[in-house]
Amino acid sequence: MPAVLLVLYVNPPPSVCILTQKLSLGLYNQWWRVCRSVPPPWYVFFNKRSMSTFKLMMDGRLVFAMAIAILSVVLSCGTCEKAKRAVRGRQDRPKEFPPPRYNYTILTRYNATALASPFINDQVKNVDLRIVTATRPCEMIALIAKTNIDSILKELAAAQKTYSARLTWFKIMPTCATPIHDVSYMKCNPKLSFAMCDERSDILWQASLITMAAETDDELGLVLAAPAHSASGLYRRVIEIDGRRIYTDFSVTIPSERCPIAFEQNFGNPDRCKTPEQYSRGEVFTRRFLGEFNFPQGEHMTWLKFWFVYDGGNLPVQFYEAQAFARPVPPDNHPGFDSVESEITQNKTDPKPGQADPKPNQPFKWPSIKHLAPRLDEVDEVIEPVTKPPKTSKSNSTFVGISVGLGIAGLVLVGVILYVCLRRKKELKKSAQNGLTRLRSTFKDVKYTQLP
């Protein structure tokens, strides 16, 4: 039994959080059968003629009850953060929420539109690629990149017409793409900022990302709080404005060190990860596998930061735009006007006798566009940087030390109790075999006098 408790303490399953009290009660009842020769606890407190508290502790009942209580507290407080995080919103709330950017009406019918394919068929299309690298585990990162949306909105404003838009984030996998966030906008005024529209659809999120992801203030970027290593890879943002699409790729790298407050993600689930053929046939409806989370952007971001700090994370001072992919610069000897002019000069001057002709400049081979913007076949090949070990928090280390100490103390107490109870039972059995009956010394304190 102590070994089982030790395993549950080191690596408990999610059900431990709910069944901790029942487990403690069950162990208590099972051990009561071994130590049933000892009076129950309430006999001590309600019967003045009971045996002393010291004798009760030696028999093991009170000590065992204290050990079970200590182990229950350790199991429920030290190992159930993930389960408590899902329901703590009802218990803890941020003090203030920012006002919404604008007022809008949510209409569910906009979610009935099939999702366009995130895959790019044009092999020469230039896609903006950004690099996002987390320097340590349990870090909050942002996927931010400026676009040419303002020029499109100016054209629409000059034409004096409203527009409709759709913003979707995808996690690109080797053979499929998983939508993780989707929202549609209708009746938008081009004179205002993007997404400030009168109507919009339900705000859809992948359920496992609600407590670890949120939109930036302009609703164009994505903030990830303490992402796990499984969140590494390629993310693609698709902005569609009146049929025109803008693609932006983010190559995200997360350290392989384990983060205790991170949630592992399964982006390759076939129920959500759709193939290019399914997108082309118009079979992808995000309403079927994404969950609603109709909180305004400011309120959602406030919740995200609150949960992150509650779990022990450190908020960044400011979110910066992701670094653009450094495109290669052509070398000095690439074919151009200078090389053509030098060739003409060389043709006019004859080389000296006995001197070999100089070797012509090798033409520069431009890299394939596939290396500038990773495509479907190599989206998850992310180079992991060499990171320093994460800084350990004093509060976390202190709590872990106290928890381990309490657990060891509880196990020692359980072992002592088991030894005392088994020895007592053995003595009673031996006395019964010898024909001796153990009598309770109820009157052991009565003074005896010799009769005349």
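Any Cβ shown, glycine's included, is placed from N, Cα and C.
The disulfide entry in Swiss-Prot for CYS273 points, among CYS176, CYS188, CYS197, to CYS176.
Noted from Swiss-Prot: CYS138 is disulfide-bonded to CYS259, selected from CYS259, CYS421. Once Cβ contacts within 10 Å are tallied over all protein chains shown, the glycosylation sites ASN103, ASN111 are led by ASN111. Straight-line distance linking the Cα atoms of ASN111 (N-linked glycosylation site) and CYS197 (disulfide bond), rounded to a whole number, equals 16 Å. Shown in sequence order, TYR104, ALA165, TYR185, MET186, LYS187, CYS188, ASN189 are the residues of the chain, 6+ apart in sequence, with a C-beta less than 8 angstroms from the C-beta of CYS197 (disulfide bond). Long-range neighbours of CYS273 (disulfide bond) (same chain, six or more residues apart, CB within less than 8 Å of its CB): MET173, CYS176, ALA177, THR178, PHE267. Confidence across the topological domain 'Virion surface' (20-405), taken as the mean pLDDT and rounded to a whole number, stands at 73. Rounded to the nearest whole angstrom, the C-alpha distance between CYS138 (disulfide bond) and ASN103 (N-linked glycosylation site) is 34.
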